[in-house]
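Some notes on the structure that comes next.
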Amino acid sequence: MDTAQKHASVIVDQEYLAKGSQMVMLLFLGGYLINYLFNIFLSQVLGPAQYGNFKVAEAFYFLSCLITMLGGATAAPQLLRNQLNTEDVPGTWEYLRFYGTAAILASIVVGALVMAGHWLHIMIFRGTGYHPLIVATLVVPLAAISNLMIAIFQVIRRLDIAYLPWNVGYPALGLVFCGSYYLITGSLDSFTAVLLICGVTTCMIIHSIFYLRRLKLMPFKRKQNFVGPNQWIYTSLPMMGIVSLQMLLRQVDIYMLELLGSETEVGFFAAAQTTAYAITIVKLALTGLLAPVVVLALEEGGDAIQELNYQGFRLTLMFTLPVVLCIIVLGHPILHLFGHNSHTAYFALVILTVGLMFFALTVVAALWLRYCGYSKMIVLILGATVVMNIALNVFLIPRYGIEGAATATTVSLLFSSGVFTVMLYRRFGFFPWSASPYRD
């Protein structure tokens with residue numbers, strides 16, 4: 001009877017995964033196509049050097065956003081699930097109030113460090129004008145608050161509302177805002193483009209507030225005798241380390257090329273990286289889809305864990321392989337859309353694709369480890385991976401340019417993928433690709 005009950009719960013998860021996977025892939029891949037158009041527009045209008053500056057600034061505010069949230073959005077499935085299930089909605093306001101305040105204060109510190117870097121003429125701030133990194137600090141607290149709100153929708157499995165703002169709204173509004181500015185003024189630079197992103201993130205905050213109020217998920221009132229933050233911060237800080245290091249792992253090449261290469265190389269590499277990002281989009285979509293049910297499966301235990309592991313790997317394989325094949329076969333014409341030399345970026349694109357593919361296939365393994373008490377160990381592994389990536393970049397970029405940067409990332413991703421696979425087997429006794437216990 002116990003096995004039957006577990007099997008029944010997995011069937012419910014299968015229904016959620018079947019419908020949810022279609023929705024998140026539609027939103028993520030649809031948003032990716034819009035984002036690609038946005039990047040092509042910026043590349044054509046700004047040119048390689050200015051486009052490279054914009055991508056450095058974009059990488060900066062995405063990474064800083066994750067750090068300033070202190071892991072609040074990533075840990076939301078653990079922090080808010082019981083409260084939302086029992087309609088203890090005042091707790092969501094305490095959650096947003098605590099992590100939102102922390103994000104604003106941390107963003108002020110980040111902004112001060114960036115300004116100090118500009119005044120001290122650190123290498124990344126080349127030239128006499130203002131680098132778009134400076135205005136990117138204004139995006140950081142807005143993006144953090146938006147992501148904290150979105151995490152609430154993820155917990156209640158409203159994936160449509162959760163993923164619409166950043167995956168569709170961000171590139172669509174960015175294209176509209178920057179395109180309109182260019183049509184009106186006849187010019188656009190990277191500094192102005194990042195400034196317009198502030199307006200985009202403000203629109204996404206308004207969207208989330210509207211649905212939080214409409215669904216009655218967050219009354220603006222304090223909860224009496226609330227002690228949640230004392231426990232929350234212990235859970236969320238390792239999560240912050242994990243997602244920040246994952247983001248840094250994807251972005252470190254851009255920073256290293258900015259420091260060790262030329263701005264034109266940054267533009268070429270950004271085109272390859274933006275194209276290969278389609279694989280990361282699949283990984284992020286499945287992470288958001290699986291995180292709420294991973295927490296439930298861990299509580300249920302038994303064969304439910306291995307069944308969900310099998311379903312997750314099957315979905316990852318099903319969505320990742322077609323994307324990989326499209327990138328390899330259509331890489332040249334896709335890169336040509338950026339207006340750059342596609343031959344310069346294609347080999348780097350292929351190298352990146354290999355590493356990102358294997359890293360995506362271990363997404364479920366990383367989720368199990370993240371939510372079963374191994375988060376600190378994951379931070380150490382990802383930290384070692386980032387250090388490896390930086391060391392390889394220092395050695396390879398001066399010799400091989402963007403191909404060296406891509407190789408550094410791929411080697412690092414293969415290392416972390418292998419370690420996650422071994423850790424999964426040692427903890428649970430199965431691999432990411434292990435068959436379902438219910439399979440005939």
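Glycine residues also receive a Cβ, built from the backbone N, Cα and C atoms like all the rest.
Keep in mind the model is a prediction, meaning the values are calculated, not measured.
Taken straight from TrEMBL:
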type	residues	note
TRANSMEM	24-47	transmembrane segment
TRANSMEM	59-77	transmembrane segment
TRANSMEM	98-121	transmembrane segment
TRANSMEM	133-156	transmembrane segment
TRANSMEM	163-184	transmembrane segment
TRANSMEM	190-212	transmembrane segment
TRANSMEM	276-298	transmembrane segment
TRANSMEM	319-339	transmembrane segment
TRANSMEM	345-369	transmembrane segment
TRANSMEM	378-398	transmembrane segment
TRANSMEM	404-425	transmembrane segment
Feature contact check the transmembrane segment (98-121) with the transmembrane segment (276-298), CB under 8 Å, 3 or more pairs: no
The transmembrane segment (163-184) and the transmembrane segment (24-47) contact flag, 3+ Cβ pairs under 8 angstroms: yes
When counting Cβ pairs under 8 Å to the transmembrane segment (24-47), the leader among 190-212, 345-369, 378-398, 404-425: 190-212
Annotated stretches the transmembrane segment (404-425) and the transmembrane segment (98-121) touching (3 or more Cβ pairs under 8 Å): no
Proximity verdict for the transmembrane segment (133-156) and the transmembrane segment (345-369), three or more C-beta pairs under 8 Å: no
Contact check, the transmembrane segment (319-339) vs the transmembrane segment (345-369), 3+ Cβ pairs under 8 Å, seq sep 6+: yes
Distal contacts, the transmembrane segment (98-121) - CB-CB under 8 A, six or more residues away: 64-65, 67-70, 72-73, 130-131, 133-134, 136-138, 140-141, 144-145, 148, 228-229, 232, 236
Residues from the same chain, set at least six apart from the ends of the transmembrane segment (345-369), whose C-beta lies under 8 A from its own: 268-269, 271-273, 275-276, 279-280, 282-283, 286-287, 290-291, 294, 298, 305, 308-309, 312-313, 316-317, 320, 324, 327-328, 331-332, 335, 338, 375, 377-378, 402-403, 405-407, 409-414, 416-417, 420-421, 423-424, 427-428, 432-433
